[in-house]
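Enquirer: Below are the features I grabbed from TrEMBL:
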- Lys12: active site (ACT_SITE)
- Asp139: active site (ACT_SITE)
- Pro97, Val98, Ala99, Ser100, Gly101, Ile102, Gly103, Gly104, Gly105, Ser106, Ala107: ATP binding site (BINDING)
- 69-144: domain 'GHMP kinase N-terminal' (DOMAIN)
- 209-277: domain 'GHMP kinase C-terminal' (DOMAIN)
Amino acid sequence: MPSTLTTRARAKVNLNLRVIGRRADGYHELESLVAFASVGDTLTLEPAPELSLTISGPCGNGLPVDGDNLVLRAARALSGELGALRWGRFHLVKRLPVASGIGGGSADAAGALRLLARLNGLQPTMPALLDVAAKVGADVPVCLESRARLMMGIGECLGPPLRLPPLFAVLVNPGVPVETVAVFRKLGLQAGQALSSSRTLPETNSETAQDLIAVLSRSGNDLEGPARAVAPILDTVLPTLAGLPGCRLARMSGSGATCFALFDDCRASADAAKSLQRSHPGWWVTPTLLR
Ligand SMILES: C[C@](O)(CO)[C@H](O)COP(=O)(O)OP(=O)(O)OC[C@H]1O[C@@H](n2ccc(N)nc2=O)[C@H](O)[C@@H]1O
Ligand SMILES: Nc1ncnc2c1ncn2[C@@H]1O[C@H](COP(=O)(O)OP(=O)(O)OP(=O)(O)O)[C@@H](O)[C@H]1O
């Protein structure tokens with residue numbers, strides 16, 4: 001009996017995000033320090049002659065199970081690149097809110113590529129996997145390894161993996177889906193327009209979480225302004241997080257609307273999460289470790 005393969009599709013968090021400019025093809029060049037959370041979706045693959053997908057989990061309602069799902073799009077893109085592959089039945093346990101700036105769909109797509117690589121005896125580091133990942137979505141390459149690193153270009157240029165001090169965080173989503181394309185549109189750059197050529201990436205060799213938070217607080221997320229225009233509830237979420245006892249930094253991830261708050265220790269993040277769950281029962285609130 002062939003055994004089922006399993007992977008975690010961890011939430012991606014943009015600890016900072018700088019928009020460098022807009023390319024002639026309309027995509028935006030970014031610089032972002034990306035970390036990954038302990039919370040994520042779970043994806044399994046049971047070998048079978050046909051490719052299929054089923055979905056369960058608290059955030060799975062309404063997600064497509066057909067070729068529009070990023071899991072199946074990634075699988076088909078891989079066989080488009082490499083030819084016939086051993087297939088199987090995917091099952092996704094969806095815990096991450098959809099269209100929320102923490103790359104849940106990208107993490108699922110990357111997870112599908114990892115599982116198919118394992119099933120087909122492919123090297124997880126083979127360049128074709130990275131090429132396919134970049135074709136499926138801008139955030140998929142960084143999710144392939146799901147390790148903290150600098151992300152540049154439109155998402156396809158990755159720095160080496162970084163050993164960040166673990167950050168005690170709370171992730172919060174107010175339940176308003178935000179389309180990435182709408183936020184970039186609101187930024188209002190013309191195709192070919194450069195915003196900045198200077199590199200302002202944060203120093204990433206911080207030894208302690210306190211050092212890293214100090215470095216992060218000198219940068220920001222350039223998409224926060226446009227995202228506030230698309231999802232005004234961010235004007236409530238960010239000050240609410242910043243006002244939590246012990247919060248050292250509150251910021252939006254990606255194109256929103258998920259925001260994160262950073263704390264000194266596990267106790268402070270757990271207390272903050274409990275208090276938010278009480279005060280905002282409709283929000284998705286998760287204490288987690290970012291690394
Ligand atoms: C904002 C980030 O979350 C930061 O990590 C990502 O850049 C978004 O990555 P993603 O959701 O995987 O994006 P995709 O699904 O590839 O693209 C969705 C849309 O966002 C815009 N887009 C995306 C990435 C990028 N670097 N520039 C863009 O302009 C494009 O209009 C694109 O059609
Ligand atoms: N497996 C999947 N999980 C989530 N969304 C999916 C999936 N497959 C397809 N989608 C579609 O992809 C879109 C983006 O979803 P996703 O949750 O990845 O957005 P996001 O968190 O904003 O990502 P990013 O941070 O990369 O911009 C949604 O409109 C959703 O319907």
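Yeah, the Cβs are placed from backbone N, Cα and C, and that goes for glycine too.
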Enquirer: Compare the C-alpha of Lys12 (active site) with the C-alpha of each of the binding-site residues Pro97, Ala99, Gly103, and give the closest one.
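Expert: Nearest listed residue in space: Gly103.
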Enquirer: Should we count any of the binding-site residues Pro97, Gly101, Gly103, Gly105 as near ligand 2, judged by a CB under 6 A from one of its atoms, and which?
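Expert: Among the binding-site residues listed, those whose Cβ sits under 6 Å from ligand 2 are Gly101, Gly103, Gly105.
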Enquirer: Distance between Ala99 (ATP binding site) and Asp139 (active site) at the Cα atoms, whole Å?
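Expert: About 13 Å separates the two Cα atoms.
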Enquirer: Out of Pro97, Ala99, Gly105, Ala107, Asp139, which recorded positions lie by ligand 1, with a C-beta less than 6 Å from some atom of it?
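Expert: So the answer is Asp139.
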Enquirer: Roughly how many Å separate the Cα of Ala107 (ATP binding site) from that of Asp139 (active site), to the nearest whole number?
Expert: 8
Enquirer: Since the record lists Ala99, Ala107 as binding-site residues, which of them has the fewest other Cβ atoms within 10 Å of its Cβ?
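Expert: Per-residue Cβ counts within 10 Å for the binding-site residues Ala99, Ala107 bottom out at Ala99.
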Enquirer: List, in sequence order, the same-chain residues at least six positions removed whose CB sits under 8 Å from that of Gly103 (ATP binding site)?
Expert: Ala11, Lys12, Asp139, Val142, Cys143, Gly254
Enquirer: Below 8 Å Cβ to Cβ and six or more residues apart, same chain only. Which residues does that give for Gly105 (ATP binding site)?
Expert: Leu70, Val98, Gly137
Enquirer: Across the domain 'GHMP kinase N-terminal' (69-144), what does the pLDDT come to on average, as a whole number?
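Expert: A mean pLDDT of 97 is what the model gives the domain 'GHMP kinase N-terminal' (69-144).
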Enquirer: According to DSSP, how is the domain 'GHMP kinase C-terminal' (209-277) divided among helix, strand and coil residues?
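Expert: In the domain 'GHMP kinase C-terminal' (209-277), the DSSP-based counts are 36 helix, 10 strand, 23 coil.
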Enquirer: Output the one of Pro97, Gly101 that, of all these binding-site residues, has the highest number of other Cβ atoms within 10 Å of its Cβ.
Expert: Gly101
Enquirer: Taking the Cβ of Lys12 (active site) as the centre, count every other Cβ atom within 10 Å, in any protein chain shown.
Expert: 29
